[in-house]
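Features of the protein shown, as given by TrEMBL:
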- B:6-251: domain 'Malonate/sodium symporter MadM subunit N-terminal' (DOMAIN)
- B:12-30: transmembrane segment (TRANSMEM)
- B:39-57: transmembrane segment (TRANSMEM)
- B:69-95: transmembrane segment (TRANSMEM)
- B:107-131: transmembrane segment (TRANSMEM)
- B:137-157: transmembrane segment (TRANSMEM)
- B:164-190: transmembrane segment (TRANSMEM)
- B:196-217: transmembrane segment (TRANSMEM)
- B:229-248: transmembrane segment (TRANSMEM)
Amino acid sequence: MVIYGVAALALCMLVGTLVGELLGVAVGVDANVGGVGFAMIMLVLVTSWLRSKGKFPAASEQGVLFWSAMYIPIVIAMASTQNVVKAVTGGPMAILAGLAALVAGGALVPVLTRIGKPAQPLAPLTAEEKQEA
Amino acid sequence: MDVFASVFEDNGLLVAFALIGALMLFSGWLSKTLTRGRLQGSAIAILLGLILAYWGGAVTGGEDGLADFAALSGLSLMGGAMLRDFAIVSTAYGVDLREIKRAGPAGALSILLGVLVSFAAGSVIAAAFGYTDAASMATIGAGAATYIVGPVTGTAVGASSEVIALSVAAGLVKSVVVMVGTPLIAPLIGLNNPKAAMAFGGLMGTTSGVAGGLAATDKRLVPYGAMTATFYTGVGCLLGPSLLYVTLRALVGG
């Protein structure tokens, strides 16, 4: 049933968020530390374990895949609710500081990817996949 | 007219679904006709979303972009943290854990470096604009990390409320420029594989920025970038008011 997939996803997210909050309390910061990351790892582990036992059929899978397909629309909704006015009217210093963080961080990506084994680029998207994305 | 408005307000989430669907349809059409598919439909849609958010905020004077219109308030549920994180987690389905393990050290290092580099860049720019005391520099530097780290640091080190507001603005700018800029810089920095995406997520840290930027670049990279970005704000809140502030104070005095 589709709801099993949605429920598994929700459970992973709740547990992950809880772990992130507890970790935040443990290190004494007022923020969630890695909650989403823990939830993602849990989802991968739990679903691959269930699949190996044949207990995560295609219908359950649909419950997860639906939300994955809703990701981009949700991000667009997120973009449309950002406080862009405050970002733009924050003055040149705020704009420069934000830009500098992007440029400096971006420049370090090629440096960091050199650590360890080199990675293979993903296969290019087909035109159809591009439109779907 | 009243009936019209109340139906929209009572069914906010559905209005958001319909509106975003229409926006994506329009963006897909723009992508095909204007850019011949070179700029992805989702990148255009995110850009349009931000422009509409600016317009909404400017017209209503609120803080939530388009969602400040009562009839469109469902957008803040659809695009809010709960559903956003739920959808991000779902993208991890089918991710190869070996890929994550292989990029583990680079990913972990990227978070530390990301906080450090943003903090340094932000505080140098703060100093250039005349905020030369350690508390202000640290707060604006922390804001260049994310708009959550800024106020957390500012409150802890006793920065003025004006400086804290500026640090939030810096963080908001960062999340917006990461959303818009990622697809543009992706080819330059080799952002086309899971490992680079993990490094990118850790270096940028802004969850909304990384979520939007990678969606506009290649959706398959999203889970990897989100995985590291999610640790960033926590690490920033940990280091900003402590190690980084103390180091900065030793460097500039006061």
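Every residue gets a Cβ built from N, Cα and C, even glycine.
Across the domain 'Malonate/sodium symporter MadM subunit N-terminal' (B:6-251), the model assigns an average pLDDT of 88. Under 8 Å from some Cβ of the transmembrane segment (B:164-190) lie the Cβ atoms of residues 39-40, 43, 46-47, 50, 118, 122, 139-140, 142-151, 153-155, 196, 200, 204, 206, 208-210, 212-214, 216-218, all in the same chain and six or more residues away from its ends.
Distant neighbours of the transmembrane segment (B:69-95): 5, 8-9, 11-17, 19-20, 56, 60, 207-208, 211, 219, 222-224, 226-227; these residues of the same chain sit at least 6 beyond its ends, with a Cβ under 8 Å from one of its Cβ atoms. Counting residues 6+ beyond its ends, the transmembrane segment (B:196-217) has Cβ neighbours under 8 Å at 40, 42-43, 46, 84, 88, 100, 103, 106-111, 113-115, 117-118, 145-147, 171, 174-183, 186, 189-190, 224-233, 236 in the same chain. A contact between the transmembrane segment (B:39-57) and the transmembrane segment (B:12-30) is present, since 3 or more of their C-beta pairs, 6 or more residues apart, lie under 8 Å.
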